[in-house]
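Chemist: Take a look at what Swiss-Prot says about it:
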BINDING   Lys260, Asp265, Asp284, Glu345  Mn(2+) 2 binding site
BINDING   Asp265, Asp343, Glu345  Mn(2+) 1 binding site
ACT_SITE  Lys272  active site
ACT_SITE  Arg347  active site
Amino acid sequence: MDIRATEQTILNWTGETLALGIFEGATELTEELGELNERLGGTLQELITEEEFEAKTGTSAVTRLGKDSPIRKLILVGLGKPEDFKLHSLRNAAANIARSAKKLKIKTLGISLPVFNNAPTLTTGAIVEGVLLALHTDLRFKSEPEDKGAKLETVDLLGLAGQETAINQAQIICDGVILARELVNGPANSVTPITMAQTAETLASDYGLTLTILEQEDCEKLGMGAYLGVAKASDLPPKFIHLTYKPEGTPKRKLAIVGKSLTFDSGGLNIKVSGSGIETMKMDMGGGAATLGAAKAIAQLKPDVEVHFICAATENMISGKAMHPGDILTASNGKTIEVNNTDAEGRLTLADALVFAEQLEVDAIVDLATLTGACIIALGDDISGLWSPNEELATQLKTAAELAGEKFWQMPLEEKYFEGMKSPIADMKNTGPRAGGSITAALFLKQFIKETPWAHLDIAGPVWTDKEGGINNTGATGFPVRTLVNWVLS
């Protein structure tokens, strides 16, 4: 698909289908819309009147035009009230347009949406993201493709001439999001620690990244007892993935992104029972998938920042070699952990990954993980939890998320709650009381960071959706690749 920035407007563009965004309360046609209505022989006003189109957020209306018209079809999308208009409103409007175009089997499309906050570059990026991410469907495991018939070939962004760089950047970021989506969507017999390592190898080869993969023996030498305690039950070997992007010159700063990478989580000997969603546990590597997706985008965007991407990939399985409830593991920083629940395994893998990341002497570390159901109970499916003892880093991430339209809510690191994590026979347990479970999980991870500014993102809710909406289709969302990329670029 060719996405083009053009100086043409709704008054002189010709093509198969024109899509317009209209604000609620602005359905009386004046100025440019009035001129367009005349150009289309009154069809625009007829569509608004006959469909009783009020331009509420998420609504749309479609009509066909006469054979003599310079445009064959017209799509209207509602933008809601002007005072509620945000950058993400553009993404959702573009997604709405893209789905309508797909349903109508449109080949050429002109999109006219308002410029957000006098920022054509941000506007262009948001529209491109909305179109590309809404059109992405993962059909790799279908025996016969369901997408038949004509497909969208050309999209003209009207009134946005000169924004080719913004289009290219948005396409690169979307490629990273789609990589993350497809890794999470892939079943556990397709996406394994081995294939995650192979994906990292492909990224390194294609985009000039440096790759180190630590095998089990390497991890043993580094004392990664927490990570290996989880990994030992699986017949598949663990793969500790370390990708590095380095700019050509001296980096302005050094960052580490650490993604939880459990390619399947059975719960271990504390097995997930029927009704616990065990069949969805292929998504438990959503943090690692987003880490690799961000790596793909950042390697092509080439910021003046050194970035380390770390995925401690493994499965959490059941076998005669599995860790037992009550086992004591020693992490690579020497701290001991009493395992009182083998289904709280992600934090064990992250413990050694965080120690490894800090030893790289980076300026900041962000970990992301589908870590707790408690975070979903607290914040729902659409909002990720954010914990950080460093307010500057937390603010950077929230700003990056706002730009991406990805939702985060900063949660407290209530130190008192760690009392419930203390063990009489080890330095700590891996779970605490039920209350405040997402907070105690973050406090557990905090024990493996000494001084480096650090943030923890619990993405258990937003990494997956069971319903189509906005830029997301059913399945993996690729959350929060765009936030991570924005953070690095900032």
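Placed from the backbone N, Cα and C atoms, the Cβ positions cover glycine too.
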Chemist: Sort out for me which one of Asp265, Asp284, Asp343, Glu345 has the most neighbouring CB atoms within 10 A, since those are the binding-site residues we care about.
Modeler: Glu345
Chemist: Are there any residues in the same chain, six or more apart in sequence, whose C-beta is under 8 angstroms from the C-beta of Arg347 (active site), and if so which?
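Modeler: Correct list: Ala369, Leu371, Asn430, Ala441, Phe444, Leu445.
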Chemist: If one measures from the C-alpha of Asp265 (Mn(2+) 2 binding site) to the C-alpha of Lys272 (active site), what distance in angstrom results, rounded to a whole number?
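Modeler: That comes out at 9 Å between the alpha carbons.
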Chemist: How big is the Cα-to-Cα gap, in Å, between Lys260 (Mn(2+) 2 binding site) and Lys272 (active site)?
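Modeler: It is 19 Å, counting Cα to Cα.
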Chemist: Could you give the Cα-Cα distance between Asp343 (Mn(2+) 1 binding site) and Asp284 (Mn(2+) 2 binding site), in whole Å?
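Modeler: Spelling it out, the Cα of Asp343 (Mn(2+) 1 binding site) and the Cα of Asp284 (Mn(2+) 2 binding site) are 12 Å apart.
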Chemist: Return the residues near Lys272 (active site), defined as same-chain residues 6+ apart in sequence whose C-beta is under 8 angstroms from its C-beta, sorted by sequence, else 'none'.
Modeler: Asp265, Ser266, Ile278, Met281, Asp343
Chemist: For the recorded Mn(2+) 1 site, whose residues are Asp265, Asp343, Glu345, find every other residue on that chain with a C-beta no more than 8 angstroms from the centre of their C-beta atoms, and list them by sequence position.
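Modeler: Here the non-site neighbours turn out to be Val230, Leu262, Ser266, Gly267, Gly268, Asn270, Lys272, Asp284, Asn316, Thr342, Ala344, Gly346.
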Chemist: Around the Mn(2+) 2 site formed by Lys260, Asp265, Asp284, Glu345, which additional residues qualify by having Cβ within 8 Å of the site's Cβ center?
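Modeler: Apart from the listed residues, the neighbours are Leu262, Met281, Met285, Asn316, Gly346, Thr349, Ala369, Thr370.
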Chemist: Quick check: in three-state DSSP terms, what is Arg347 (active site)?
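Modeler: SS state of Arg347 (active site) = helix.
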Chemist: Sort Lys272 (active site) into helix, strand or coil using the DSSP assignment.
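Modeler: The residue in question, Lys272 (active site), is coil (DSSP, three-state).
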